Amino acid sequence: MRRAATLDALADAAGRVGPPPGEDPGRPPGADPARPRGSTRWAVAPRAAAAAALAVTLLAGGVALRASTAPEGVPVELPRPRATAAGAERTAAAGEATPPGGTPAAGVTPTPAASGAPAVVHVVGAVAAPGLVTVPVDARVADAVAAAGGSTPDADLAAVNLARTVVDGEQLHVPRVGEVPAPSAGAPGTGDEAASGGTGGAGTVDLNTADLATLDGLPGVGPVLAQRILDRRARAPFTSVDELDDVSGIGPAVLERLRPLVRV
């Protein structure tokens, strides 16, 4: 009975300390009982709200102004690696070399082959424009005659071997009809001259009309002496076979060997 009396006393004391009847013990004191529990709002003063809004506006404006006035990024050029002297020399050497099957590098001029050099021929006689002509090294007598303006109407082309290959530095004589032609190259003293009734002896070479190849075919006369004979004749025509003694390199022995083979 004593324990029951103690419990009743404690319950009565708890009833006096707890909230009034009908009041929610979890609601803050003074809260509006009509507002649902958990919907309590903190009140903010209007002046504080205006100051906060102004601060946010100023901050956003400052950020925008700074972004608009900031200078654009300046590109930075990275340093290029410098080639060493040895590398430059290797590059230059590679650029100068001609790749297999390719063309020579710029600035390198190939040397033409000696066989491709032109031939210079002195064309005289029955041609439209006697003088020096330049023709390919493998040109024929017909090409040299054409380069000299072609033959004249009184030219005796049958007396000239038009198919013969010209020789650089030679003199080519185109005879006129009735004129005694010079023997063709490689065949001096042919029977054509004797049959033509010329004034010279049969089988002799006219020193004033023979070309370089004809003179070169004479015994003891090479291309050098033949050219010297042409140079001497260019200064003045030969009036006597003995004038061959004026040509450097032709001594008494050579002159006696040539005397029965040439004429003027």
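Note that Cβ sites are derived from N, Cα and C of the backbone, with glycine treated the same way.
Per TrEMBL, the features are as follows:
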type	residues	note
COMPBIAS	1-17	compositional bias 'Low complexity'
COMPBIAS	18-31	compositional bias 'Pro residues'
COMPBIAS	32-42	compositional bias 'Low complexity'
COMPBIAS	81-114	compositional bias 'Low complexity'
DOMAIN	213-232	domain 'Helix-hairpin-helix DNA-binding motif class 1'
DOMAIN	242-261	domain 'Helix-hairpin-helix DNA-binding motif class 1'
REGION	1-42	region 'Disordered'
REGION	73-114	region 'Disordered'
REGION	178-202	region 'Disordered'
Determine the mean pLDDT over the domain 'Helix-hairpin-helix DNA-binding motif class 1' (242-261), rounding to the nearest whole number.
88
Intrachain neighbours beyond the domain 'Helix-hairpin-helix DNA-binding motif class 1' (242-261), with Cβ under 8 angstroms and 6 or more residues off its ends:
188-189, 203-205, 207, 218-221, 224-225, 228-229, 232
How do the residues of the domain 'Helix-hairpin-helix DNA-binding motif class 1' (242-261) split into helix, strand and coil according to DSSP?
15 helix, 0 strand, 5 coil
Please list the DSSP helix, strand and coil residue counts for the domain 'Helix-hairpin-helix DNA-binding motif class 1' (213-232).
14 helix, 0 strand, 6 coil
